[in-house]
Amino acid sequence: MDVLWIGIAYGMGLLAASVGLPPLVGFLGGGFALGALGFTGGAFLHEVAHTGVLLLLFSVGLKVRLKNLSQPEVWGTGLAHLLVFSALGTLVLGLSGLYWRPALFLGLALAFSSTVMAGKLLEEKRELRAFHGRVVIGILILQDLAAVALLAFAGAGAPSVWALALLGLPVLRPLFIRLLERSGHAELLVLYGIGLALTGARLFETVGLSGELGAIVLGMILADHPRAQELSQSLWSLKEAFLVGFFLEIGLESHLTLETLLTSLGLVLLVPLKAALFFLLLVALNLRARTAFLAALALGSYSEFALITAQLGVASGLLEATWLPLLALTVALSFVITAPVNRAAHGLYERFKTPLLKLERPNRHPDEEPVSLGSARFLVVGMGRTGTAAYQFLREQGEPVAGIDADPGKIQQHRAEGRRVLYGDAEDPALWEGLRLEGLQGVLLTLPDLEARIRAAEHLRRRGFSGLIGATSYYPEEDERLRAVGVTLIFHPFTEAGARLAELGLQALEESPQVA
């Protein structure tokens, strides 16, 4: 059975990727196929899926800072959207003949967005720490907190009084940090990350709270540590493999019949309205249209949480059992729709930006991008380790240099260390259209995502920039695509690091020929 699951997941994922869709759409399709053939998931697949979700949410927590939750665009949008969309869902379900109490319950459940889906899509595009990524995760955490009350209403019971003891978890941060620093960089680090994610989930479940929320919180406790990113990267492959189980399980629970399909399609028609409401609220709270659009698309899907609440609703007699497969299919279809839409989010914004910009408020926005680089001759785009090293080298050579990054937290750290780093999303055409390029002779693109490097180079050349564009390339097949959009200098960090090491070795021998 396990071999069959893996084989079907791989085959359907490969098929989806071959037609330009995210592999997770194929995994959902594999679940549909297995369910149609009469297979069930069972305890093993459920544990694999649940572990994948916890690892993903723990990784998300590692990139979240508490102060982000206090921003008005987070709590204002999150609360307003829950109220308005749940009322809309209740109205639609009530008009379809459902009694008001179960209609209200389902309306609230459908108002939540999928933390797993949004987290995975943002992580794939390396946008978790971008401005819109931070807003999305903040809203999702707010929704998770609201979900506790709904679970209690559904019959899961109120949290234990011992839940208050969890407020003391930050006191254990020095211990967590000490263990992190002693875990090295290999298998012990991976085990430590898995242990923290599962421990956080178990602690929260023990006191009547969501285990998923526990995984996020344990990650948030370590979010400010310099090795948080390394810990997240160490879990990446394991988390991706386990998450296949989650998408298979969702598909397996979605029993396809004509009646459930038609009802589910009716509920899926509300997905564009859900995303549109997020967009309007975020714009009203003073975000730029582009930031609001990208965040709204990430939040558009229904949540796996709807399945959990439906199970409790059935157990308490609030819902009929027929709602379980119907909601499973609805959630799965929302994933199938939002996954490819989010992959094309930047292109979609460019297509519809004219009407979207008319809804943008005219005053200054918290995600405002720069228009001037001052006297900089070089611009480094992407201020991670590679970008920071390039920036430092140019500054030591006496070259006027500036940096751009989409991570506000990273920008704050660079500024504290004396670097001139500005906020900007390299994939945003408005950045390059409004940026003054006079005096700029070279741009170095050190962004981790290939599509981001390609889009930035395209926008620069389209703007008429004729100077040097250098870019990192991590795989040989990336070189041709980068050259095709006007990149004139390509650097291979993995292979050229060895050449640089040999160069430094020869230099050291020339300076000191007698080596013991």
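Glycine is treated like the rest: Cβ placed from N, Cα and C.
Look at TrEMBL and you will find 12-339 tagged as domain 'Cation/H+ exchanger transmembrane'. The domain 'RCK N-terminal' annotation in TrEMBL covers 378-493. Under the heading transmembrane segment, TrEMBL lists 12-37, 43-62, 74-97, 103-122, 134-154, 160-176, 188-204, 261-285, 292-315, 321-341.
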Highest-contact recorded stretch vs the transmembrane segment (12-37), from 103-122, 188-204, 261-285, 321-341, CB pairs under 8 Å:
321-341
DSSP helix, strand and coil counts for the domain 'RCK N-terminal' (378-493)?
51 helix, 24 strand, 41 coil
Spatial neighbours of the transmembrane segment (160-176) far in sequence, C-beta under 8 Å, 6+ residues away:
196, 203-204, 206-209, 217-218, 221-222
Contact set, same chain, for the transmembrane segment (74-97): CB under 8 Å, 6 or more residues outside the stretch:
68, 103-104, 106-108, 110-112, 135, 138-139, 142-143, 146, 270, 273-274, 277-278, 281-282, 285
So which of 103-122, 261-285, 321-341 has the most C-beta pairs under 8 Å when paired with the transmembrane segment (292-315)?
103-122
List, by number or range, the same-chain residues at least 6 past the transmembrane segment (321-341) whose CB is under 8 A from its CB atoms?
20-22, 24-25, 28, 31-32, 106, 109-110, 114, 117, 121, 247, 250-251, 253-256, 260-261, 263-265, 267-268, 271, 297, 300-304, 306-307, 310-311, 313-314, 348
Restricting attention to the domain 'RCK N-terminal' (378-493), give the mean pLDDT.
90
